[in-house]
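Novice: A single structure is presented below for examination.
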Amino acid sequence: MATVSTGSLIFIVKKNSPMMSKLVFFWQNREKEFRDFGGFSEKSVYFCDTIDNRKRLILVVINREVLLMTFDAIDQLAVNTVRTLSMDAIQAANSGHPGLPMGAAPMAYVLWNHFMNINPKTSRNWSNRDRFILSAGHGSAMLYSLLHLAGYDLSVEDLKNFRQWGSKTPGHPEVNHTDGVEATTGPLGQGIANAVGMAMAEAHLAAKFNKPGFDIVDHYTFALNGDGDLMEGVSQEAASMAGHLKLGKLVLLYDSNDISLDGPTSMAFTEDVKGRFEAYGWQHILVKDGNDLEEIAAAIEAAKAETEKPTIIEVKTIIGFGAEKQGTSAVHGAPLGAEGIAFAKKAYQWTHQDFEVPAEVTERFAQGLQARGEKAEQAWNDLFAAYEAEYPELAAEYQKAFANEAAQVELEAHELGSSMASRVSSQQAIQQISEQVASFWGGSADLSASNNTMVKAETDFQPGHYEGRNVWFGVREFAMAAAMNGIALHGGTRVYGGTFFVFSNYLLPAVRMAALQNLPTVYVMTHDSIAVGEDGPTHEPIEQLASVRSMPNLNVIRPADGNETNAAWKRAIAETDRPTMLVLTRQNLPVLEGTKELAEDGLNKGAYILSEAKGDLEGILIATGSEVKLAMDTQEALEAEGIHVRVVSMPSQNIFDEQSAEYKESILPAAVTKRLAIEAGSSFGWAKYVGLAGKTLTIDTWGASAPGNRIFEEYGFTVANATELYKSL
């Protein structure tokens, strides 16, 4: 080994290393002394102070090889270009958040143009690209500036239309709307959990598909977050999970500027972030100067060198750097104004026009990000071609997994006379789907035994066994759902997650993001009504059905028996652009007459006639889930009195709403106004189906603690009460 003395620090290099010549080149004007030296760290970062009026150099020792990285005036110009494009876009819109882009531009630039392997020419089509998630989505102007400079399909004109109707540059990033955006992160904190999910997917697919000499899944997930993200509970849930899972290819860049919208974070956020993340099992790296490109680069290298822990790089920045009011909340969420922009540009020594990109900056991105990305993707294509020749079946499975095609499965029908809870029939469906869809995996928020989500004969997804298909999300409902979004966004798998339906309130913000992003995630929500019983009103859903049904682009399905549950799972696994929420019972449900033949087609229309009136149609009983059996029994009781009613099973209101007017009329004829809806949940939303002349047998108060059957009786879910209620129409 050998060392090079710089006057202040010792740099250790490997003798005859290819990097030695580069090292000598940088120090060619200085007398160099070499001597044998041993016992240094395998993974170390070394800094060199100014040498011969040169900028500070950085050396990173990874596995005893030395990497050199330097930055020059063009790099600084590129950083300032990101800043000025962001400021100009926000000013043109007269709306936006300039503080983060101005403060975080250096770390974002270093990451993008010097580290990330992405190819703007193929965008999100290359499965092994690095992923970047902007959890602090209010800093979208910075992301759009980077996307433009990187060469994605985003023009200067698009930047000028920031936050305008129909533009490619909405106020917060939206996947599938803006080229190159990886996730719609939405409210703060969720992007961190999305990144955790992406890193989980990478680890899972790598364990499943990689072979010696063929690391076809081998990429990093980077996320940029601020102080606000770390205050949110979902980020803490997700960070805890990531630390346990030892996701070494997950890197958070923390824009630590000590300012939130209301003012200094000292008013509300004073914890030891380093201590917290180290307790989670993360590596913490501090960058003291957020404008020091070399120090940022060293931190990213050190993060990539740590393979057993996720890394958070805390970068101390100045919010709104360069602005007259930098370092204050005044620059967080409002345009700087013409005078404010002029002040900042003067501080940057910016001599170019508004929205101008200097030619040398364009060239620097072409030589950096673009050239590196194209080379990396071509190398991967060559590797995959060889992999395909060596492992054709695995290669075909990999390609199929990323095609996001509708999965078709066959599920064993349930016979009349049998009885089981829909959560149990769901578990049987999960088992059968796992045997037919190799990319299918998931778990529960510490309720797998109750939600019945575990796949038998499969291993657990744990460190050292990332191939496992049973995921233990822990008591982290929000992080589970947000991580599922990241898993779905990554591609290559189909994921599900379960909890009690009453706990759905904990995860709805992430379900909303799934629906907004057209992600085919599946939520297994069990213990769906007051039939939960003894646990009492805190654990008995009432308003949840009405709440989730109001969410656009979410299939909410409450099946009546095992055959409807099968149909629900078939529908869910066939979806490619919409999440599905299955609402399932704790208590046993008998298989109903007719569902074996009618359920699949009927469920795919949202509602269907399960039992027709025996005479001239006088009225309609509409029910869902466990109450369909009550409707059938009520029909029989009314028939005994000479009253002829139809029973409509309506497992999914939203799917029914999407049917043609003709079909809806065939199920609920306008001329038939005597209608009774029966459901053990809120009445909210049922008026559109029963009309002004109809009634509901529902619950608009809280539940109680008692055996489930007794509660149903006390709340009027009996044949006698349903019969009298119908007759009162």
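Every residue, even glycine, has its Cβ placed from backbone N, Cα and C.
Swiss-Prot lists these features:
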BINDING   H97, H332, R423, S450, H527, D535, R586  substrate binding site
SITE      H97  site 'Important for catalytic activity'
BINDING   H138, G186, P187, L188, G228, N257, H332, F503  thiamine diphosphate binding site
BINDING   D227, N257, I259  Mg(2+) binding site
SITE      H332  site 'Important for catalytic activity'
ACT_SITE  E477  active site, proton donor
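How about a rundown of where these features are and what they're close to?
Specialist: D535 (substrate binding site) falls within neither a helix nor a strand when secondary structure is assigned with DSSP, and so counts as coil.
A coil conformation is recorded for H97 (substrate binding site) in the three-state DSSP classification, outside any helix or strand.
In three-state terms derived from DSSP, H332 (substrate binding site) belongs to neither a helical nor a strand segment and is classed as coil. Just so you know, the Cβ of H332 (substrate binding site) picks up 22 other Cβ atoms within 10 Å once every protein chain is counted.
DSSP assigns N257 (thiamine diphosphate binding site) to coil in the three-state reduction, outside any helix or strand. Counting only residues at least six positions away in the same chain, the Cβ atoms of G99, G103, G226, D227, G290, K316, T317, I318, I319, G327 sit under 8 Å from the Cβ of N257 (thiamine diphosphate binding site).
Counting only same-chain residues at least 6 apart in sequence, those with a Cβ under 8 Å from the Cβ of E477 (active site, proton donor) are A445, T499, F503, S504, Y506, L507.
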Novice: Which ones in the same chain are close to I259 (Mg(2+) binding site), with CB under 8 Å and 6+ residues apart in sequence?
Specialist: G99, D227, T265, I319, G327, T328, S329, H332
Novice: What's the CA to CA span in angstrom from G228 (thiamine diphosphate binding site) over to H97 (substrate binding site)?
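Specialist: It is 14 Å, counting Cα to Cα.
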Novice: Which residues of the same chain, at least 6 positions away in sequence, have a Cβ lying under 8 Å from the Cβ of G186 (thiamine diphosphate binding site)?
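Specialist: Non-local contacts for G186 (thiamine diphosphate binding site): G137, H172, P509, R512, M513, L516.
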Novice: Specify the nearest of the binding-site residues H138, P187, L188 to H97 (substrate binding site), where nearness means the distance between Cα atoms.
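Specialist: Closest recorded candidate to H97 (substrate binding site) by Cα: H138.
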Novice: Using the Cβ center of D227, N257, I259 as the Mg(2+) site position, which other residues in that chain lie within 8 Å, going by their Cβ?
Specialist: G226, D255, S256, D258, S260, T265, T317, I319
Novice: Can you give me the Cα-Cα distance between L188 (thiamine diphosphate binding site) and R423 (substrate binding site) in Å, rounded to a whole number?
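Specialist: Between the alpha carbons of L188 (thiamine diphosphate binding site) and R423 (substrate binding site) there are 33 Å.
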Novice: Between S450 (substrate binding site) and P187 (thiamine diphosphate binding site), what is the CA-CA distance rounded to a whole number of Å?
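Specialist: Spelling it out, the Cα of S450 (substrate binding site) and the Cα of P187 (thiamine diphosphate binding site) are 31 Å apart.
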